[in-house]
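**Q** I am attaching a structure below and will ask some questions about it afterwards.
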Amino acid sequence: MPSADAAEPLFPLVIIGPMAAGKTKIGRRVARVLELPFIDTDKRIAVQNGPISEIFDREGEDYFRVLEREAVVEALAEEAVVSLGGGAVLHVGTQADLAEASVVLLTVSAEAVQRRLSGSGRPLLDAESRSEATERWQRILDERMPVYESLADVRFDTSSRPIAAIADDIVAWVRGRS
Ligand SMILES: Nc1ncnc2c1ncn2[C@@H]1O[C@H](COP(=O)(O)OP(=O)(O)O)[C@@H](O)[C@H]1O
Ligand SMILES: O=C(O)C1=C[C@@H](OP(=O)(O)O)[C@@H](O)[C@H](O)C1
Ligand SMILES: [Mg+2]
């Protein structure tokens, strides 16, 4: 993992990581504390196109990824805290863009994520049971972890601490580099 360099520009400040790691909730909180705008790319896509699960049903994942890439490009142009969807980092253009950004990776254990998944509206985790959803989550994470790790400047685990405490740690990291 590259080390943070205080000479590098802070923006964009981007939160990445697996589904239900806390990117949306914690990113919003970080933005509030830093008094910056907050952008969640999934939220933007949903405002313009309807719920994510309906986009997957209607048009398929590939179409969602096109919309997602457009939302990411737009978001990264702003001085904001930007939380991405878990799969946004699969796009090679986004990987290149994130190499120039400040990137915070949020991680979470499978045990903790299991409690966060019920009725989550995440089409890739649609399953009969919570344990099946967690198995899917794990398989997807195993595939993506090398990408997350290659892009991250710093990482925080969200499995067992409150959202506010994790957000404060991220803010301290940001302030330490600016
Ligand atoms: N540190 C945490 N402790 C407990 N629950 C959390 C924590 N962070 C997030 N959650 C919960 O997990 C769920 C997923 O959070 P969310 O921010 O939507 O994750 P992501 O955007 O990474 O998919 C939400 O219900 C949220 O309240
Ligand atoms: O990991 C993924 O491929 C996805 C993650 C979701 O966002 P969160 O990571 O915020 O749940 C959302 O973009 C979509 O359901 C696909
Ligand atoms: Mg999210």
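Placed from the backbone N, Cα and C atoms, the Cβ positions cover glycine too.
Got these off TrEMBL a minute ago, pasting:
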BINDING   Ala20, Ala21, Gly22, Lys23, Thr24, Lys25, Arg122, Arg161  ATP binding site
BINDING   Thr24  Mg(2+) binding site
BINDING   Asp42, Arg65, Gly86, Arg144  substrate binding site
**Q** Go through the binding-site residues Lys23, Thr24, Gly86, Arg161 and pull out the ones with a Cβ less than 6 angstroms from some atom of ligand 3.
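**A** The binding-site residues passing the 6 Å Cβ test are Lys23, Thr24.
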**Q** By CA-CA distance, flag whichever of Asp42, Arg65, Gly86, Arg144 among the binding-site residues is nearest to Lys23 (ATP binding site).
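**A** Checking each of Asp42, Arg65, Gly86, Arg144 against Lys23 (ATP binding site), the shortest Cα distance is to Gly86.
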**Q** Are any of the binding-site residues Ala21, Gly22, Lys23, Thr24, Arg144 near ligand 1, with a Cβ under 6 Å from it, and if so which?
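**A** Cβ < 6 Å from ligand 1, in sequence order: Ala21, Gly22, Lys23, Thr24.
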**Q** Checking the binding-site residues Ala21, Lys23, Gly86: which ones have Cβ within under 6 Å of ligand 2?
**A** Lys23, Gly86
**Q** I need the CA-to-CA distance for Thr24 (ATP binding site) versus Asp42 (substrate binding site), whole Å please.
**A** 9
**Q** If one measures from the C-alpha of Ala20 (ATP binding site) to the C-alpha of Arg65 (substrate binding site), what distance in angstrom results, rounded to a whole number?
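**A** Between the alpha carbons of Ala20 (ATP binding site) and Arg65 (substrate binding site) there are 18 Å.
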**Q** Are there any residues at least 6 positions away along the chain from Asp42 (substrate binding site) with a Cβ closer than 8 Å to its Cβ? List them or say none.
**A** Thr24, Ile52, Glu68, Gly85
**Q** Considering Cα atoms only, can you say which of Ala21, Lys25, Arg161 is the nearest neighbour of Gly86 (substrate binding site) among these binding-site residues?
**A** Ala21
**Q** Taking DSSP as the reference, which of helix, strand or coil describes Ala21 (ATP binding site)?
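**A** DSSP call for Ala21 (ATP binding site): coil, neither helix nor strand.
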**Q** To see if you understand the setup: which same-chain residues, six or more apart in sequence, place their Cβ under 8 Å from that of Arg144 (substrate binding site)?
**A** Pro18, Gly86, Gly87, Val89, Leu90
**Q** Give me the CA-CA distance between Lys25 (ATP binding site) and Arg65 (substrate binding site), in Å, as a whole number.
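**A** Rounded to a whole number, the Cα-Cα distance is 22 Å.
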